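Notes follow once the structure below has been shown.
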């Protein structure tokens, strides 16, 4: 109808009417002023309008005329064109939040906040009906801001292909489950390729550890999705445990060992991991984690996880530089796939973005194989199988490093690996327990729990109806501790926890079905029983591993910093806290790493403190934790994590179906509020 019609000039659009696209450049681009500077303006979904019975909009309503326009320079537009806007009331904070989807009786039109809390309903007498256009306009703004670019972390507005409880069929979930594991393959296989050679292990022992890691990852993922947080999160070796493991491996006590050095150090690591993981299980199942999580917020999680990635800067490119023509190509290929070709879709899948790491590995490995077969690294009279110390020719000694790092035929792991091998517990011998190393691992398990808290919250916003309750969170942390005990018994050399890259993989593949991840875990278990698979992975040249790790650690750093999106990223308070945490996480360990102490020395406490303060992530966590909980700041500025309340979750079928334990197991433990809804 024409704008000149006085009967519909000031009539607001219906609540069911889809909001129009934004008219300004700022809103088209998703610009939010509150993230570029300090402001008290809130847009976190805490405000809502009173419910109003839906009214069908006239067939010819002109929505452009009915849509309210923002005042220019504080002067409202003429009242004959736009209805006045009444301030929206702030409802009580203790009111239950609306559901974010229409399944199980939920509300489809409600919009989540940037921290996962849906807007609570307001009272019926809070505002006049004239506020309805403002409600439609607010929903539109939320959708514009929250719907980030394809490879960002996007809440439910991004149209996930499969959500948490979806099961479209055996073939689709099987394909997506395998895709999920292949896309995260680098996080599963690269850590054993670092720690086993550092322990003096052979290529055959590396292959055995790789198979064990794949087996334990499949088993622990099944346990966690079934009896833990119930979110589609892969469990596997964590980079959080890599730095302390290397600190123990490089301890002066083990430098003089000859013969069976690998098994001796592995048993020491097993004992430390078992005790540290038992502490994590105690932290979860006693409910202490649900109390501690009140003090853990994005400003704490962000620098802690970022410091894990930054702590390996001295390892990455120095190893790449040993064979620059291969290592640089590896980094370049992965960067091109993940950035420049990320929007190219093949058969509806963004192949280059999802499989950047495995595709980059395959291409670079083939390139290195061609260089080796072409004779580029063949030197007359030199044999790579002869140690450098036994080489007589100075010419061979000069080129020994290039032959060792650039050739792809120096490993015999694939040839010597059996076709079938079943990983079994205590395969390296009885674990050795030293309380000093165990105490270090207990602190590291706390850092791993902080990492998992961020992963739980971010993944729940993508695939679940609501974030989990503190009881579900404690249950997940407790089960992570138990599964990490299994990793210690089986002898993976590293603790098992939620892989941080899970959230990025879910956001990119838009696959959040837990049944798909469970089926993929079964596939991983079967794959681990084939010994040749472990031998094939163990044959990856060191320089290619280092190139992939450069990308993986950079991604881990970025994923950690991305947690700041839940807080006021432009706040000077948060900027200073994060900056101090990251700087001291690099500077303080550089001081303590000058003093190496043996675990068997008389100064036991000195060894523990020196080792802990030499870990970058521990310093980042301590600085951020103390500052964030002592420096004043509003909840919105700090970005306090919003977890679902247990009483509200029990009344909502969608939340109950998302997090309740299967086979009515939860009813047995319902009296334990820490392990259920």
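Glycine is treated like the rest: Cβ placed from N, Cα and C.
TrEMBL has this to say about the protein:
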| type | residues | note |
| --- | --- | --- |
| REGION | 1-145 | region 'Disordered' |
| COMPBIAS | 12-22 | compositional bias 'Pro residues' |
| COMPBIAS | 68-94 | compositional bias 'Pro residues' |
| COMPBIAS | 95-105 | compositional bias 'Basic and acidic residues' |
| TRANSMEM | 170-195 | transmembrane segment |
| TRANSMEM | 207-227 | transmembrane segment |
| TRANSMEM | 269-288 | transmembrane segment |
| TRANSMEM | 319-340 | transmembrane segment |
| TRANSMEM | 352-371 | transmembrane segment |
| TRANSMEM | 432-450 | transmembrane segment |
| TRANSMEM | 516-537 | transmembrane segment |
| TRANSMEM | 543-562 | transmembrane segment |
| TRANSMEM | 574-592 | transmembrane segment |
| TRANSMEM | 604-627 | transmembrane segment |
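In this chain, the transmembrane segment (269-288) lies apart from the transmembrane segment (604-627): fewer than three C-beta pairs between them fall below 8 angstroms, excluding pairs fewer than 6 positions apart. At the 8 Å Cβ threshold, with sequence separation of at least 6, the transmembrane segment (319-340) comes into contact with the transmembrane segment (543-562) through 3 or more pairs. Using a cut-off of 8 Å between Cβ atoms, the transmembrane segment (170-195) and the transmembrane segment (432-450) share fewer than three residue pairs, counting only pairs 6 or more apart in sequence. When Cβ-Cβ distances below 8 Å are used as the criterion, the transmembrane segment (604-627) is approached by residues 240, 243-244, 247, 295-296, 299-300, 302-308, 310-311, 436, 439-440, 443-444, 447, 450, 577-578, 580-582, 584-586, 588-589, 592-593, 595-598 of the same chain, each at least six residues removed from its ends. If you look at the transmembrane segment (432-450), the same-chain residues 6 or more away from its ends with a CB under 8 A from one of its CBs are 238, 240-241, 244, 247-248, 267-268, 270-277, 279-280, 283-284, 289, 296, 300-301, 304-305, 477, 480-481, 484, 495, 497, 599-600, 604, 607-608, 611-612, 615, 617-618, 621.
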